[in-house]
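**Student:** So Swiss-Prot lists these for the protein:
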type	residues	note
BINDING	Thr29, Leu30, Gly31, Pro32, Asp86, Gly87, Thr88, Thr89, Thr90, Gly413, Asn479, Ala480, Ala481, Asp495	ATP binding site
Amino acid sequence: MAKRIIYNENARRALEKGIDILAESVAVTLGPKGRNVVLEKKFGSPQIINDGVTIAKEIELEDHIENTGVALIRQAASKTNDAAGDGTTTATVLAHAMVKAGLRNVAAGANAITLKKGIDKASDFLVGKIKDMAKPIADSNAIAQVGTISAGNDEEVGKMIADAMDKVGKEGVISLEEGKSMETELEVTEGMRFDKGYISPYFATDTERMEAVLDEPYILLTDKKIGLVQDLVPVLEQIARTGKPLLIIAEDIEKEALATLVVNRLRGVLNVAAVKAPGFGDRRKAMLEDMAVLTNGQLITEDAGLKLENAKLEMLGTARRITINKDTTTIVAEGNEAAVGARCEQIKKQMDETDSTYDKEKLQERLAKLAGGVAVVKVGAATETEMKDKKLRLEDAINATKAAVEEGIVPGGGTTLAHLAPALEEWANGNLSGEELIGANIVAAALTAPLMRIAENAGANGAVVAENVKSRSNNEGYNAANGDYVDMLAAGIVDPAKVTRSGLQNAASIAGMVLTTECIVADLPEKKDAAPAGGGMGGGDFDY
């Protein structure tokens, strides 16, 4: 296919145009008074959301070159979402501000490579500063504050997540389900999560989120490799008659058997998913036995004289719901408290008997997985559109609280970054020179962008608010919800340090890439042939 090649300033300007479009669409959602964005869907009702990364994923432009700019800045949002699970809008606004200022300097003749070096050095300096400013999470009240801010100032959500973390521990599993009522409820049930995702992406039932969700499935647990589909046929036939989904957890599933399962899944014959068993050797077998106890099933192993081809329906485990993504599998079970309790006691005895620290650690991990359970948040809403929006906000809030537990909290509302701007300028003036210094100053100028946008979305003058905040002490910032200047930590307006750090690093990385672009190679749009003229109608010509 023929290509279109664009050089120098024209290339950078085309990227900038795409970046402007995406940044503006996402930035309107920032802050407590941020607005919603409506996503039109080809099928089904439109979606009304407030989540930066979801909006970014939806934007595709007609112009290929501008679309490249969109894709670049979308990456800043996606990477932040992958690392911290929140802060995607902040990352987009920061990247946009850095790119705009950087392109002005490149157009004026600055060397893009040296500018990028300055941007990278400034980013490293700021990461260290954020680490120093972070305060560890002290109690569940602080967790509730993080959840509240991340869910768009919804205190009920913040409290519920703090509750859930109290019940299942800070490392515990919190899973989201669509509820049946108008109220959002919390329930703690038996269950576990392990770090293995689906073997093939074709098992995903929700292609938008790339997740496989199985309701009331059967679970086949085996410690052998499944090579031939013939081994599975008897059990698959029994399950097909029940009409229920099936999850297979095995050491591995080889190509032929996997292909057969995928084909059956795609044709709708059987709703099936397959996952590799976690762990290695004896530890793998022990974890499979834990799952068998949890799901009230049997581990099909030749050590116990059981073969796959002879497996019966009653040997399979059951669960209320299983959610699988590319990296993890979450099992939500219920009704086996006694068996799970007995199994936990057995693991505790093994811990007492072993002298190896490594074995103790691994047994402790198994115990935590089995005893911790799963907190299920059932999302309630009046309409499906509201449900989807609430679910995205809750997901952000859960990710933000986990990030806060990991790396601590910093003052929120764009305050931390705004206060770091003078410190960065001072450090850069003392340690950098020439165009590297200009690069660092580009970052310093961009640091107030999130705060300015939060203020503008609340109807205030962003530049005035930013200057006012910079002149105050470190913890003081602008509360956009009511227009006051307050101590952010005392007011409970906090962000996880990890979210602020990830957003900044990814924004600096993307800005550096855009500034050092000198040429774009893209597909030429195909010329569509004009439709042939129709024959004239009898009785004279018509104007159309």
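Here the Cβ of each residue, glycine as well, is placed from N, Cα and C on the backbone.
The structure displayed is predicted, hence computed values, not measured ones.
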**Student:** Please identify, from the binding-site residues Thr90, Asn479, the residue with the sparsest Cβ neighbourhood, meaning fewest other Cβ atoms within 10 angstroms.
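**Tutor:** Relative to the other binding-site residues in Thr90, Asn479, Asn479 has the fewest Cβ atoms within 10 Å.
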**Student:** Could you tell me which of these binding-site residues, Thr29, Thr88, has the greatest number of Cβ atoms within 10 Å of its own Cβ?
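**Tutor:** It comes out as Thr88.
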**Student:** Measuring Cα to Cα across Thr29, Leu30, Gly31, Pro32, Asp86, Gly87, Thr88, Thr89, Thr90, Gly413, Asn479, Ala480, Ala481, Asp495, which the record gives as the ATP binders, how far apart are the two most distant ones in Å?
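**Tutor:** Overall maximum Cα spacing for these binding residues reaches 20 Å.
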**Student:** Quick check on the binding-site residues: of Gly31, Asp86, Ala481, whose CB has the lowest count of neighbouring CB atoms inside 10 Å?
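**Tutor:** With the binding-site residues Gly31, Asp86, Ala481, fewest surrounding Cβ atoms within 10 Å: Ala481.
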**Student:** Per DSSP, to which secondary structure element type does Thr88 (ATP binding site) belong, with helix, strand and coil as the options?
**Tutor:** helix
